[in-house]
Every structure is written in C-alpha cells, then in structure tokens.
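Chemist: What follows is a structure written as structure tokens; I'll ask about it next.
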Amino acid sequence: MRWSLCQLSPLILSICSLALTARQATATAHRELEALPSQRRSSRDVNFPAPVDCQMSQWSEWTDCFPCQEKKHRYRRLVQPAWFAGQRCAGNLWDEQACRAEKTCAGPPDCGKDFRCEETGRCIKRHLVCNGEQDCRDGSDEDNCDDEATESPCEQLFPIPGSEKAAQGYNILTQEESQYIYDPNFFGGHCEYVYNGEWRELKYDAACEHLYYGDDEKYFRKPYNFHIYQFLAHADSGFSFEFYDDSKDLLDALKSDKTRTTGFTIGIAPEKSIVQLNLGLTLSGGKGSLKNFTQYTAKEVAFIRGVTKVQTARFKMRRDNIVLDEDMLLSLQELPDTYNYGMYAKFINDYGTHFMTSGTMGGIFEYILVINKEEMRRKDVSAGEISACIGYSIGLTASENMLHLEASVSPSYCAKKGFLKTDAESNSAVVEDIIPRIRGGDTSYSGGLLNSWDGNMYRHWGRSLKYNPAVIDFELQPIHEILRRSNLGNMETKRQNLKRALDDYLLEFHACRCGPCQNNGEPVLVGDTCFCQCRPGYGGAACEQMKRRGGETNGRWSCWSPWAPCQSGRTRRSRQCTNPAPQRGGEPCAGKDLQSKNC
C-alpha cells in the first residue's frame, strides 16, 4: 500500500517525537504543557468531567541477556492518557540494563565468498575491496591494500543534494524524519552522476575579481540506493493566502478531508522529554509556541496562512537489493526472533513507521499570521491588505487580482497602517504573532520574522534550496517492507514481528484514545495528556459548555480493536462510531467499521 504526502501530511498535527528515552528533559516544556488552558487544575463545577490520571502499565519481565549487546531489556505501555486535568505520567517506556550473558556472541551472519565489514558485519562484493572507496563505514575494505592508490573517477563529485533526507525513515504520527534507513553514502563501486542544468550560472570571485562558471556543480554523484534523480528548473507554485476566522478552522485546514475526524496526536512524552512544536518552535515561551497557540482559542483573533512550494528535483529509490544503513543493520541484528513488543516498538520509534520510495525535493515557505480582529476592524483593513503588506516585508509581490484588492497596496501604505509593528507589549498591533513553518533551505531567516522585516528574506531562502532541499512530496511504504527489498537473507520472521509491532505502535499513540469531545471539538493528544480544541462559542474540558444555542455533533470513530485470532486464513478488527456518536442530526462517521486481512 502506497501513502502519498497529501494523505499523510495532515494526518496528525504533531509537535514532539516519540523518543521517550533518547532526548534530554526540559523543565520548560513540562511547565508550559501544564499551563495549557484546558488542562489547569481549578475548582470544578458540577458539569465538569471528572479528572482521569495518566496510567502506564507495569514493567514487563526482563528479557534474557543478549550476548552481543551484553544488555537486557524491558518495556511498559501507555495504558491511559491524562484527561480532564488529570495527573501526567513520569518516566520512560523503554529500559535497558547491562548484564553478563551465559552464551557467547555468535556474531553477524557469514558472508560466504563476499567480504564482511569488521564493525557491522555488512557483506559487500569482493570487487569493492581495495577499490579506493570506503564501502564499509570503518574502512576495513580498504585496509591492507597495495600502496598504489586507486582513484575513483567520481571522487571529486559532490553527492546529489538532499540524498541524506530521502534516506531517512519517517514517522507518520509525528510527521518527523527518523534515523537513516537507506545508506546515503554507499555507491557500490558505481560512478553514476546526474547533470545539473543550472550549472552555467555565472559566479563572482571577489578575491580574483573575475566571473566564472561553477564547473564543480555541473555534475552530482548519485548514491547506489537512488534509481532516478532529476534536477528540475526552479519554479515556485505562487504564493497563496488563506484567511481563517478562528483556531479551529485553521486546525481543520491543516488536515485533509480524508482525515478530518481522526484528531491530532501531538507526541507521546512523559515528564522527562523535550517537546517540539510543528507549528513553530520548541516549547520555550517563544513566539509560535503551543502555549500561545492554545491561548488563541479564548481571544478574538483570526489567522492568515501564506504558503508557496518550490520544486528542485525529483527522485525514485531502488526497488530491490537495497543496502541498509549500517546502524540500522546493527539494530536489526539485535532484534530477537521471538516477538517482543517493547524492543520492536523501540526500533520503530528510532527508524520510523515508514520509508520513502519516491518523491520531490525542494522547499515550502509557509507562515501563519495571528490577527487581532478588533484592531483589524478599528483600522478598517482587510485580510488581503495585511497579506500583501506582509508579503512586501519579506520580498514578495502579489497582484491585485490575486488578493482581490480594489486599490494598489504599496510599502508606504503598509508603513502608514503599521501592520509590521508587532511589539509584544503593544495592544494596538494588527499582527500579534507569526508562526513560521519553513522546510528546506536556510531556515535561519525564519527566526527573525517578528524582529527584522528583511526584504531579501524569501530570495535568500529560495537560493539556498539548491544546496539544502527538503523532501516536500513523497510516497511511503511501511517499514517492515524494507526487509523484503533489502539484500539481507533470513529476515522473514523479523519482518512479520515488525509488521505486528507497527499495528500496535500506531494504535498506542493515536488521538482516538482521547475523547469524546462534544460539539465537534477536536481531540488532541499532547504528550501523555488529552484535551479538546473547541469551536468558537463552546468551552469546557470536553467542549460541553455552550455559549450559544446548540448545534449538531458529528460522529467520531473509536480506536480499532485488536486483531481477532486467525480463522480460516483471515483475521478481523472493528471500531465504533461512539467517540462521540452523532447527536442532534450530526453526520455519521465516514469509512468502514470493519477491516479484514489474510493471516
């Protein structure tokens, strides 16, 4: 099954990784998460739902001591997220401990006639030994070679831009890249290069005071795991501006229609882990933080979202005989053949739920303006005028037709209106906050959106995409499928275990575990804490308080049940439209309530 970015990008609005043991604690993140308006403890009225405390399971039994690792492992699960201002959990989900094994380490599988890398046990063909390139990370394939150096004809070429981004795993819950799955630095002895059609751009050497062509950028070397890589002429999609009357409308817009009733997972993070925000910055009290964003639900604000997309290259990965990154290879060797959810879930957490098979390189320049609607009315300005002025400030130009303006908007007009005055202490600013969401290129300019209105910002960012593109559109495969496509043998047992663990992992950390939210509120899982994002006119922990006459409540799905035992080669699972059920004429849940598959 293939997954495209348009299906996955809005699947979950996420802000923190699931690496509960891999990242350092930050007291700031914990304090700000506790400060979410809907989660603060206070005196509870009669209609307020009873608090539900976060709960984790007991630790599993320790595994046997793995002789090659000299470690043993245990895990526990998130049984119940905190809900309605309940207490949060503390601690980790995974644990390991040094031990002394009774058995000796058997080492990596034998490579037969091929050469085995000393550090990781990777098997490579004999013709790659002493070929002048390190095909083993530790360089053991180039040890004990003749003194006469073998020079590769591709040795001086730079790798194709963005190759390391495409080699990473991807977590569809957090929308974040993970550790390498493909080896981005393995060339397999091949000297395959890609022509860059823009290499003849003139450059200026200030020291020698002369113009020259960038011959060093004429060709780029293609790693082994890439089947196709094609440079594209730089062309942006044109800037679009959209106006949203409240925060709920904005959050809905960041999801596709396909996932409109799935809720948001904002990471799984007990007390001691860093929390990051997909709508902006780390939770440190800065502009664009989750704390500020959730506070907008109680304020008279609107949002303007500006976005453009730039494509720089198209790629497709190899379908078979894939060479895995050596760290992933070591991690695979450490997985037991006997199913252990904790160890397999930790592997998924490190390397992602999916891997990329094809996609597009480039960049996305996007920002969200937080607009004070009262000041907007008082100064008699339109959303189009604000969009045009912000565009001018970062080096964009927009036509009157695109913004539906009756009169031209000039920089002097913008200065007169004072749109760019975003002093946090000012009560008369039209633009209260800017949340940058910029991918690819040099993102250092995005941090100054509030403090320095640089007219060259967009131009500098666009030029930097050539050297540092992001993967902006892609197709995915589940991570267990990489074992079918790799050049490893005897991996079917681990592949089946990984497939089973992926189903459990996606259910354990899904926002369907939150709710029900009333009156079409949006269930959100922040770390190990649930809350509801309410529509304007509704409030309370479950959006149960109505400040206007009630409307309909649409249905939402519960989580999928576990897969039933295999019968006649088929297994099934189900879900119910009860989280909540439709009320007062609301729409029923879209999709099927039953799934089946071969077993």
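Easy rule for this one: first residue shown is 1, then count along the chain.
Glycine is no exception: its Cβ is also placed from the backbone N, Cα and C atoms.
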Chemist: Disulfide partner of Cys145 per TrEMBL: which of Cys130, Cys136, Cys154?
Modeler: Cys130
Chemist: What is the disulfide partner of Cys123 among Cys111, Cys136, as given in TrEMBL?
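Modeler: Checking TrEMBL: disulfide partner of Cys123 resolves to Cys111.
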Chemist: Roughly how many angstrom lie between the C-alpha atoms of Cys111 (disulfide bond) and Cys130 (disulfide bond)?
Modeler: 18
Chemist: Among Cys111, Cys123, Cys130, Cys145, the disulfide-bonded residues in question, whose Cβ has the most other Cβ atoms within 10 Å in this structure?
Modeler: Cys123
Chemist: Do me a favour and check the Cα-Cα span between Cys123 (disulfide bond) and Cys145 (disulfide bond); whole Å is fine.
Modeler: 18
Chemist: Please state whether DSSP places Cys145 (disulfide bond) in a helix, a strand or coil.
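Modeler: Cys145 (disulfide bond) sits in coil per DSSP, no helix or strand.
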